[in-house]
């Protein structure tokens, strides 16, 4: 199961620049530490070995870089496979380096006599090159393996960060898609009823009224579709769009629909999700105005209260509503508020004591970004 999780993790390759810097840092540390050790221990003629050790270290850098290039090939495999590759190819690199080390110090440029005597004192036998190469390869194996483990740690950490970024990107994309879907849930009954009203005006010879309604409908949809679904708009612009909508509906209910707007100047420039009031006003018309036999007033109020924006849509109709404000339109508004502001925004809705229905949006007061 763990292997499957590692396989599903976003592949990540350590950038070459970081890999090369880490390789150089490892070998510089080795060169400095081994030189200081020789000096502190008082090895005779250790300074005569500095050149050889420098050249051999350059070969070590080259072998480690080749090891890096090989391990890169396994970046799309499971962590278990990459660890196995690190163990295997670290042994190959250690053997190659030990061979170069032997050739450099015992064949191409033999050790100075005083160091040869010191080698004899420590029982270091060089009569069997293969044994010496194997012995040194075992010691160097852990050095190369240490760098390989460091590389795998960098790679794994990078993969975790890449997976987190990918998860965040997908979550943002899902949220954007959700916002788009919620925004585009335009009530088809509104368009159907509007077209019927236009048809009735034309059939009754009221062409000027029909043209005015068509113009209002065009302006409404232009304003509705002009902005991105995920963008905020100033509350004043949102109110202007809803006034267009109410003018269209007023043609259907000329004697019953009344509208009043009470917008606090401090709230007019606040940012709100586009068309966030649309479902609330649609509900007021559907349940308050349409079934009524008397004038019904829809009131939209907005104010700033304790650093938050409060927008209320209410009506004084008598129509029945979904219990506890659980209708589709209200759910749409709640979902959009949650997607945009999280728990910092909410919707409260219910029947008014004096009759009718009220819905109040509470959201953070934002003035930037719209």
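Sequential numbering from 1, following the chain as shown.
A Cβ is built for glycine as well, from the same backbone N, Cα and C atoms used for every other residue.
Unlike curated records, TrEMBL annotations are generated automatically.
TrEMBL lists transmembrane segment for one of the ranges 116-137, 138-159, namely 138-159. As stated in TrEMBL, the feature transmembrane segment covers range 52-71 out of the listed 52-71, 172-191.
With a threshold of 8 Å between CB atoms, the same-chain residues lying at least 6 positions outside the transmembrane segment (20-40) that come near it are 46, 49-50, 53-54, 57, 60-61, 64-65, 68, 143, 146-147, 150-151, 154.
In the domain 'Histidine kinase/HSP90-like ATPase' (276-365), helix, strand and coil residues by DSSP number 32 helix, 32 strand, 26 coil.
Looking only at the domain 'Signal transduction histidine kinase internal region' (177-257), the predicted model's pLDDT averages out at 81.
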